[in-house]
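Under the heading domain 'CMP/dCMP-type deaminase 1', Swiss-Prot lists 48-168. Feature annotation from Swiss-Prot assigns substrate binding site to 89, 90, 91; the stated evidence is sequence analysis. What Swiss-Prot records for 102, 129, 132 is Zn(2+) binding site, and it gives sequence analysis as the kind of evidence. Summarising the annotation, Swiss-Prot assigns active site, proton donor to 104. Annotation comment: Swiss-Prot describes 187-294 as domain 'CMP/dCMP-type deaminase 2', evidence class sequence analysis.
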């Protein structure tokens with residue numbers, strides 16, 4: 001079992017401990033449950049989707065990286081597929097607070113990077129901040145996505161974000177989590193570069209058209225992708241590096257163990273991710289950083 005779960009293990013009920021042990025004891029627990037696993041857990045615990053997601057919040061929150069606030073937030077994104085995806089907040093010492101990732105952003109991005117096509121609900125242990133409400137407004141689920149909180153009645157994103165400003169106000173029809181492939185190609189055939197290529201081809205940038213993607217390789221040799229996810233309100237956009245950091249953290253890797261990275265973006269883009277990416281990776285101890293332009 002990953003050490004991060006050991007700290008909260010005694011806080012879980014004996015029944016939940018027994019149900020989760022076969023999964024969390026896996027060396028590479030992916031911080032998600034498939035629909036089949038969700039159904040098995042519900043049967044064993046005699047609960048429904050909502051109750052299971054709420055029970056899993058402490059486990060998701062244990063994935064938080066909070067060297068600044070020491071305030072752990074967990075989230076569960078529930079896909080139309082029936083899969084459950086963990087999310088947790090992340091902070092990076094030595095980098096600006098603007099690089100912080102919120103738990104809801106983490107869960108949504110985790111689901112997106114794993115190929116989920118639509119979300120039906122987000123369960124989180126604290127009320128979503130305005131930043132996260134706006135971030136979720138970019139989803140193809142729209143304002144109908146359900147928001148679940150401990151001790152609260154279920155509400156929709158529309159309830160939390162009335163009179164919202166979103167993609168439709170800018171006549172954007174391709175939304176976050178819609179399947180896209182921008183068709184970019186590069187000559188670099190290395191595995192890391194090709195993973196970054198996959199990431200940029202999945203990126204969501206309908207406002208600036210400044211597509212970008214990154215791949216990071218860990219000291220363990222594992223590679224993780226991150227795709228840029230733009231937002232109608234601009235500021236809540238998810239940089240590609242943060243998306244990759246979410247992916248590696250959910251997989252149980254340490255953000256300080258990144259060995260190398262390749263960022264791909266368009267040479268003529270209105271925006272660049274390079275400076276912020278380089279600065280944050282440097283703060284995390286990574287020195288082998290390459291930029292490829294299209």
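Quick reminder: no glycine exception, Cβ is built from N, Cα and C everywhere.
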Neighbours of 89, 90, 91 excl. site residues, C-beta within 8 Å of centre, substrate: 64, 65, 66, 68, 69, 88, 92, 100, 101, 102, 106
Spatial neighbours of residue 89 (substrate binding site) among the recorded positions 102, 104, 129 [C-alpha, 10 Å]: 102, 104
Fewest Cβ neighbours within 10 Å, where candidates are the binding-site residues 90, 129, 132: 129
Cβ neighbour count (within 10 Å, all chains shown) around residue 102 (Zn(2+) binding site): 22
Of the recorded positions listed as 90, 91, 104, the one whose CA lies nearest the CA of residue 129 (Zn(2+) binding site): 104
Residue 104 (active site, proton donor) to residue 132 (Zn(2+) binding site) - Cα separation in whole Å: 6
